[in-house]
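> This is the feature table in Swiss-Prot:
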COMPBIAS  20-37  compositional bias 'Basic residues'
COMPBIAS  50-63  compositional bias 'Acidic residues'
COMPBIAS  365-379  compositional bias 'Basic and acidic residues'
COMPBIAS  388-403  compositional bias 'Basic and acidic residues'
COMPBIAS  404-417  compositional bias 'Basic residues'
COMPBIAS  442-451  compositional bias 'Basic residues'
CROSSLNK  Lys67  SUMO2 cross-link
DOMAIN    203-309  domain 'RRM'
REGION    1-63  region 'Disordered'
REGION    356-479  region 'Disordered'
ZN_FING   171-199  zinc finger
ZN_FING   311-338  zinc finger
Amino acid sequence: MAALEKMTFPKKMTFPEKPSHKKYRAALKKEKRKKRRQELARLRDSGLSQEEEEDTFIEEQQLEEEKLLERERERLHEEWLLREQKAQEEFRIKKEKEEAAKKWLEEQERKLKEQWKEQQRKEREEEEQKQQEKKEKEEAVQKMLDQAENDLENSTTWQNPEPPVDFRVMEKDRANCPFYSKTGACRFGDRCSRKHNFPTSSPTLLIKSMFTTFGMEQCRRDDYDPDASLEYSEEETYQQFLDFYEDVLPEFKNVGKVIQFKVSCNLEPHLRGNVYVQYQSEEECQAALSLFNGRWYAGRQLQCEFCPVTRWKMAICGLFEIQQCPRGKHCNFLHVFRNPNNEFWEANRDIYLSSDQTGSSFGKNSERREKMGHHDHYYSRQRGRRNPSPDHTYKRNGESERKKSSHRGKKSHKRTSKSRERHNSPSRGRNRHRSWDQGRRSQSRRSHRSRSQSSSRCRSRGRRKSGNRDRTVQSPQSK
């Protein structure tokens, strides 16, 4: 019945009541405390076994550390062995090198000793050979002297042996340098292919580069510095030459009579500033050389030497005087300063030459003058005058030119006739030059020729006076 009731009347379902939050928290804490107590109990029960495990773990760690240390020690030992082996190898190599260097030094010392001994032996042999040669030479000289004494005792003539046939053949075959013979200087110097005959005695003294100025020193820079020529002028250079002339010429005149004094104004190095002094005799020139050589002037030491120049017409550039030299500053003939008052003008015309040279050149000059035209003859007559002052000659020439220009229209016929008479008659200067040249000959020939020349001179003077009278008479008409 009860089962039937249960089946027919089911039991009413009940749902649990949800606890509150506070209860829930309390139950949770309780559960946690329970679990903690259980854990502590379990740990308390297993406490002894845990200590044993810890001991075994510690022992295992110690064993592991010991193994690691042992392996590290073995590794370090192996590394030390490698380093030691390497060091031993390096030490062995170093030792071998030191031994090799020591052996090489010993070998070098041995070779040097052998070379020194060989050199000493050669020097001894050379010294012995020299002594032997010297002894042989002395014996030969002594033998020659003994032979010479014997020859003298036997009254036989003795002389020095003849030189070899080919001795100085090249020097003899070489031609003389024309520039050195004419100017006493050559631009090639010792490198010249021609022969320079240096005189042992001469009346002309040469002092190289004695006269120097700023313009002459700066001449080399003209090609590279065209403005350098603005710092000096020819007037300043000539004024410096005049001061130099007045300063040094009295010193040269104190030694002897100076018949020529020239200063070169060339710009070439071998002629620049050269001073030429010609004395009347070679003895005076030698005295001047011994006096002035090595002296100091303007901060420079003088270098004096004998000069072969005696004919100044050949040495001085004639085109330079008329400012028509085509070579300019590269000319190898003398470009000289003009002496004040035209001093030593006689030497410029080679009047001071010896009688032999003048006599030998007189025939050639006379033949040449006979072939000269009126124009050349007129200027040669002007050069042959005795007037020592060139200014006076220039003045007279200027006056004659003015007179000729004033009478050019009306007096042309008379001038041509007078010029022909002058051309046919001997000139005054030529007669004087001829009488001076031939005055050193014998007295009879000199007196005879002086009479003939005086008569011709009187005739030429009479003709010139008559020509001057005609000019003075007709000059008022021309005016």
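Just so you know, glycine gets a Cβ as well, placed from its N, Cα and C.
Quick one: how deep are these features, and who are their neighbours?
Long-range contacts of the compositional bias 'Basic residues' (20-37) within the same chain: none, as no residue at least 6 residues beyond the stretch ends has a Cβ under 8 Å from a Cβ of the stretch.
For the compositional bias 'Acidic residues' (50-63), DSSP puts the residue distribution at 14 helix, 0 strand, 0 coil.
Cβ environment of Lys67 (SUMO2 cross-link): no same-chain residue six or more positions apart lies under 8 Å away. Under the three-state DSSP scheme, Lys67 (SUMO2 cross-link) falls in the helix class.
Secondary structure counts, DSSP: the zinc finger (171-199) has 12 helix, 2 strand, 15 coil.
Sequence-distant contacts of the zinc finger (311-338) (same chain, six or more residues past either end, CB-CB distance under 8 Å): 179, 182-184, 187, 219, 238, 241, 245, 260, 262-268, 271, 276, 347-350, 353.
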> Using DSSP, what is the helix/strand/coil residue split across the compositional bias 'Basic residues' (20-37)?
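Taking each residue of the compositional bias 'Basic residues' (20-37) in turn, the totals are 17 helix, 0 strand, 1 coil.
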> The zinc finger (171-199): mean pLDDT?
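Mean pLDDT across the zinc finger (171-199) comes out at 85.
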